[in-house]
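Enquirer: Starting off with a structure, shown below.
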């Protein structure tokens, strides 16, 4: 438990700094406005910055949960929304929703969910065909993501009027997030987080091995499907509301595990917090350089992924030799 | 038999690329005068030629990467090579930087940086899969740089973005063909010189050593030349995703992992995909790289899932 409370504080501080960061006014003015400044400045904070911060925290927490679930359930330290096809599938779904002219964020989340299920389903199929060594499956997941991203770009080109939002989908950003996005996000966030916390015990059992799970009376396949659906749900909500915040779902679970080990009851909430804090920190950096937040997380996450790939390769390939 | 079929297919594709589209130009009118003639000579012919050149170069480069690294999935898209070249060119284009030799020199520099980053990151990793994943992570970071640059420059030119993300032949003119042709004319002899050592490298480092070849040095040379080939293509057409994987794969299916057939398949694939990209949804033009990405990766996943089933780990 010892890391949870400090992490709540870190996340809160980062979120507060994020609330004060922005191009329209200096942090000092923002601070003054927060405690009863004049109309416009206060309005900017309440109508523009607050939903931005909340959507970022929510999406980050979702991705942290999704990454933890994927990594423990698939027993693959490399699994993450980006390396399983779930993330790109969800983006494809959200872009399909915009292509058919859907305005409501709920429809977008539902289609993202279908897309995420498609991506995850294909990976599941391939895994059952060829067996699932961690590195090989991750390579297939990367390929699958590339394919779904290609399809997404075809859709975006086929509808030139949507192409303006292209960057937004391919590398997520919190620009222009409103209370409408937050109201689409929070019900699913609550469902996803509550569901994930309810199944942490199962998660811990599935992470060990199937025989162990059977021995303690967990029916493996149904539970794995339930748990993976939670991962798809949380990934899709994040994708539909922010676009691809690349590698947050890779980074957060590894950071959490490095801090507290593999006890899911602590690691899962910690990963959610780290995910939220990562997005807040990335957005602070991104806003100061007027970059999309997803670009910052992509570069930071790539470093983590390289490190994990090396360690996994040393453990599995080296171990066989 | 198969060669005859390929030759017929090639002729059909080439004539088809000149005829099809809007306006449709009948085969008897291809060389007649008038507006149709201008469409064929000024728009379709350079596009066809650039497609052939780019596809051929990518096919050969892909084969060189795969044989020298002895990994069927060693493709430019997963090694940071395409990503680096594309990011460098995009930065130059969206910020309107005037760089000498653009887009060729930035592409070469970017490919070198991308490949160098991957090589640096790969140090200490074991096995082909780890190499690919690390390359994929580097590529993802480079793509984020590309997208960030385009967002930072507030570029409204989505065509540039699509071209350097996936690859496209839209808006090709004779000047492009000329530059790419000259650049490839310089690099191709180097590639031909690499072929003998490539044949030895694919047998493994020990075989190479017993044949009197310094495997490490030979591999660096082969990789450098393939990066040059890729950079030339990416500079002008973008990565034309996964041709560097598909073409050698088809050549292997034919029973010959030869550079020649890889080149032929690469060229034909790009021309066929571009024909589809510009006619299927007319007047909307799809990026040719989108089609090749979807088809190429689907084939890649099939290859991987079949390969492992036969040899259970």
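The backbone N, Cα and C atoms fix where each Cβ goes, and this holds for glycine too.
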Enquirer: Among B:29-47, B:48-66, indicate the range for which TrEMBL gives the feature transmembrane segment.
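Expert: That would be B:48-66, the stretch labelled transmembrane segment in TrEMBL.
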Enquirer: Quick test of the contact rule: Cβ under 8 Å, at least six residues beyond the ends. What residues does that give for the transmembrane segment (B:78-97)?
Expert: 65, 103, 106-115, 117-118, 132, 135-136, 138-139, 142-143, 145-146, 149-150, 152-153, 155, 157, 160-161, 164-165, 226-227, 230-231, 234-235, 238-239, 241
Enquirer: Determine which recorded stretch among B:132-153, B:259-280, B:286-304 has the most C-beta pairs below 8 angstroms with the transmembrane segment (B:174-198).
Expert: B:259-280
Enquirer: Name the range, of those listed as B:48-66, B:132-153, B:218-247, B:259-280, that has the largest tally of Cβ pairs under 8 Å with the transmembrane segment (B:104-126).
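Expert: Looking at each of B:48-66, B:132-153, B:218-247, B:259-280 in turn, the most contacts to the transmembrane segment (B:104-126) are made by B:218-247.
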Enquirer: Need a quick answer: max count of Cβ pairs under 8 Å to the transmembrane segment (B:259-280), which of B:48-66, B:132-153, B:218-247, B:286-304 is it?
Expert: B:48-66
